Amino acid sequence: MVKICCIGAGYVGGPTMAVIALKCPDIEVVVVDISEPRIAAWNSDQLPIYEPGLDDVVKQCRGKNLFFSTDVEKHVAEADIVFVSVNTPTKTQGLGAGKAADLTYWESAARTIADVSKSDKIVVEKSTVPVKTAEAIEKILTHNSKGIKFQILSNPEFLAEGTAIEDLFQPDRVLIGGRETPEGQKAIQSLKSVYAHWVPEDRILTTNLWSAELSKLAANAFLAQRISSVNAMSALCEATGADVAEVSYAIGKDSRIGPKFLNASVGFGGSCFQKDILNLVYICECNGLPEVAEYWKQVIKINDHQKSRFVNRVVSSMFNTVSQKKIAILGFAFKKDTGDTRETPAIDVCKGLLGDKAVLSIYDPQVTEDQIQRDLIMKKFDWDHPLHLQPKSPKSSVKQVSIAWDAYEATKGAHGICILTEWEEFKTIDYKKIYDSMQKPAFVFDGRNVVNAEALREIGFIVYSIGKPLDAWLKDMPAIA
Ligand code: UDX
Ligand code: ADP
């Protein structure tokens, strides 16, 4: 029986390994992590991450050929293939601060592999890493190998949260990069045979190591760039009276452009886009390509601009002040169907409103109070460290912020509502009931274009929708960009 061990039981390691276990009953899969609470949660009925369909997959194979453990050394030693799926935060100090990836956790995982291995192993990079990380890892492994042979592969994961299980069941492609030596090619074939249990052969792409590593950064940069492009258009639409949804639809009909990832929003979030672009920027700079670096930086600049533009719109619409006004925040996760708040645009929007002394009442169906409070006091990039190294429950919570159990409680007595995540329930809640319980004039700022603006206007709301023709009220109170 082939044995797989995955170091890192996070958003990538957990679901990916669960699906490998489900699809490959002949393979034993053990997911290990240094975080005890995380492993305990994976072994309980309350999994540490919310992902549609994940519970089912885990229930089917946990205890059969899928195991979760904190005994990193034992399971790494026993494995034939070791996936590494650990945190790769952005450096906050020293060389490359604010851009380069901090490979501390990666290096520590590599040293563990070298220390405990007694047989040859294939080591697979799963978490996104800067190009040429494989080379560094290879050096750590070979210099500490005691005669054991390691083959490094890059096998980036392209799953998106909220659809992780679907994406893993039917991936657009699986990418495996390896050395162009006979041993490297053999390792590629071994990993390919794992995926071939359920992925059609023509969807398994094999490349050299550097192409695989760069493809992951490039894919995320391209996706984020589409969102920044449509968000840039949304600002122009508001200024001209065009409707960004109509523009997106019209350009998406061009088969060369395609319809996906053209939804204007308050900004993209998530653990990957910003981090990977910063990484790309840093690599360009290190390789003497400042113009290329500058080009990709703009994607992040527009994203930041979109968030501050939204805050400005809220403040300017409400007579240029939100001081002591209750604002309801509907949705805090970075997108629907996940409880993940990493780099969520809600953090910057809330901080912007708090900066203007607003009183916030936040409701999200999946995010805990602790998490929201922690996010609002955490420093930039601190989120990307293992759980046990993050601040525990915050000592002092942000005073102007309270957490509500549902949308009705959050909006009661509020002056305005900001919709920051596109949860389905925000389309169907009773806005008439909400309107009746709010201060007047009552505002809705829809950062995800989920509400029926016309229906809400009929109720009496003043509605702002990203990239849509503006209410007369909003035209009279222009936001300062
Ligand atoms: C992304 C990539 O899609 C995935 O391939 C990669 O493996 C990890 O990074 P993820 O961050 O989980 O996945 O979510 P994604 O669906 O890409 O959304 C990212 C952000 O962009 C979210 O905040 C989402 O709301 C936003 N978005 C997405 C838009 O604002 N508009 C769109 O049209 C699409
Ligand atoms: P991702 O979204 O890429 O899956 P996460 O932050 O969700 O990232 O998960 C990474 C996991 O890796 C965390 O649970 C963390 O505790 C774990 N981890 C980090 N370093 C090590 C290590 N050296 N050994 C084992 N687990 C590690």
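Glycine residues also receive a Cβ, built from the backbone N, Cα and C atoms like all the rest.
Taken from TrEMBL, the feature active site, nucleophile covers C272. Taken from TrEMBL, the feature NAD(+) binding site covers 8-13, D33, R38, 86-90, 127-128, E161, 272-275, R342. The domain 'UDP-glucose/GDP-mannose dehydrogenase C-terminal' annotation in TrEMBL covers 328-453.
A map of TrEMBL features onto the structure.
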residue: G8; record: NAD(+) binding site; Cβ contacts under 8 Å, 6 or more apart: V31, D33, F83, V84, S85, V86, N87, A109, K126, S127
residue: Y11; record: NAD(+) binding site; Cβ contacts under 8 Å, 6 or more apart: I49, E51, E161, A164, S271, D340
residue: T90; record: NAD(+) binding site; Cβ contacts under 8 Å, 6 or more apart: G98, K99, A100, A101, D102, K275, L278, N279, F381, D384
residue: C272; record: active site, nucleophile; Cβ contacts under 8 Å, 6 or more apart: T128, N220
residue: Q274; record: NAD(+) binding site; Cβ contacts under 8 Å, 6 or more apart: A224, F268, I300, N303, E343
Contacting binding-site residues, sequence order - G8, Y11, D33, Q274 vs ligand 2, Cβ under 6 Å: G8, Y11, D33
PLDDT averaged over the residues of the domain 'UDP-glucose/GDP-mannose dehydrogenase C-terminal' (328-453): 93
Those binding-site residues in Y11, D33, N87, T90 whose CB falls under 6 A of ligand 1, listed in sequence order: none
N87 (NAD(+) binding site) CB neighbourhood, other CB atoms within 10 A: 20
For the domain 'UDP-glucose/GDP-mannose dehydrogenase C-terminal' (328-453), the number of residues DSSP places in helix, strand and coil: 39 helix, 19 strand, 68 coil
Protein Cβ atoms within 10 Å of D33 (NAD(+) binding site), excluding its own: 25
Where N87 (NAD(+) binding site) falls in three-state DSSP terms: coil
